[in-house]
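Novice: The structure's right below; bear with me while I get my questions together.
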Amino acid sequence: MVSVTRSVFGDLPSGAGTVEKFQLQSDQLRVDIISWGCTITALEVKDRQGRASDVVLGFAELKEYLQKHPYFGAVVGRVANRIAKGTFTLDGKEYKLAINNGPNSLHGGVRGFDKVLWTPRVLSNGIEFSRVSPDGEEGYPGELKVWVTYTLDGGELVVNYRAQASQTTPVNLTNHSYFNLAGQGSPNIYDHEVTIEADAFLPVDETLIPTGEIAPVQGTAFDLRKPVELGKHLQEFHINGFDHNFCLKRSKEKQFCARVHHAGSGRVLEVYTTQPGIQFYTGNFLDGTLKGKTGAVYPKHSGFCLETQNWPNAVNQPHFPPVLLKPGEEYNHTTWFVFSVA
């Protein structure tokens, strides 16, 4: 049984609408999601003693989500991740996007899908959000109808993304939740044990755009096929953290891609997806300046993201998995976040 409770989270300035909160509860999980950016604001998971803690970074109030923040919990699009120099060419026409991350376009631009109000529809076991992204929004071609559905089933949070386009456009949707399985507000994620089921990753340039090479993980810091304790692993390889796409099988079938275990609490997160990639990000740009829920501060490496996705900058790399959605087709991807204790 899943209960869905609806409440007001806050009002947007200048009468631009009311943001609602939807609380989904199963016997194992409780998830709060708001209609601003389809954002997960809280996710309570029990530890091995049966004590529940909120394991996602975020804020208590709407005003904080309206200020600049690193996409805590939000759905990002029309194209998640980076597009080099904010440009791409389709059918001989060059499109110029908003530049909002160094020389590149990141997560859909200045006002991406994380910074808009979505229309909610309550389901028996979750919530569906929808919106229409108009032709030309943030420089992208064509009107795009989008649906994001969150459902609960026991210890599983399932996120489904669907989209239909009026003209050919790149589409790549993901959720940008930051997790800390010790509980949000814990100072770091160094004691988390991470596994990523990927034989290859994408090396990046200094602006975090993939170079185009598909590199084997074997013998590198990116070989996470067997569990590694994150803090020790970063030290051993002298790296600042991860912010890279790991290459999964291009099957479109549900596949296991990542597992994170926090030994102290016993909490385990496993991720399954139909997507061909997953961005593992270790909160390298968090700096402790943002004040989160319950007075928490979020310093560097205090949360991790597992963003299932198409490969970054795929629109400019013909040998990457196809990212273009054509009229008459449907974009349809699902990601499963499965929580348990061990």
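In case you wondered, yes, glycine gets a Cβ from its N, Cα and C as well.
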Novice: Per Swiss-Prot, which of H107, H333 sits in the beta-D-galactose site along with N81, R82, H176, S177, Y178, D243, Q279, E307?
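Specialist: Only hit among H107, H333 in Swiss-Prot's beta-D-galactose site, alongside N81, R82, H176, S177, Y178, D243, Q279, E307: H107.
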Novice: What's the most sparsely packed of the recorded positions H107, H176, counting other C-beta atoms within 10 A?
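Specialist: Each of the recorded positions H107, H176 was scored; lowest Cβ tally within 10 Å is H176.
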Novice: Using DSSP with the three-state reduction, classify S14 (phosphoserine) as helix, strand or coil.
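Specialist: Going by the DSSP assignment, S14 (phosphoserine) falls within a helical segment, counted as helix.
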Novice: Rounded to a whole angstrom, what is the largest C-alpha distance between any two of the residues N81, R82, H107, H176, S177, Y178, D243, Q279, E307 that the record assigns to beta-D-galactose?
Specialist: 18
Novice: Hey, which of the recorded positions S14, N81, S124, S177 is the loneliest by Cβ count within 10 Å?
Specialist: S14
Novice: Fill in the CA-CA distance, E307 (beta-D-galactose binding site) to S124 (phosphoserine), as an integer in Å.
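Specialist: Cα-Cα distance, E307 (beta-D-galactose binding site) to S124 (phosphoserine): 26 Å.
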Novice: Pick from D243, E307: which of these binding-site residues has the biggest number of other Cβ atoms within 10 Å of its Cβ?
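Specialist: Ranked by Cβ atoms within 10 Å, first place goes to E307.
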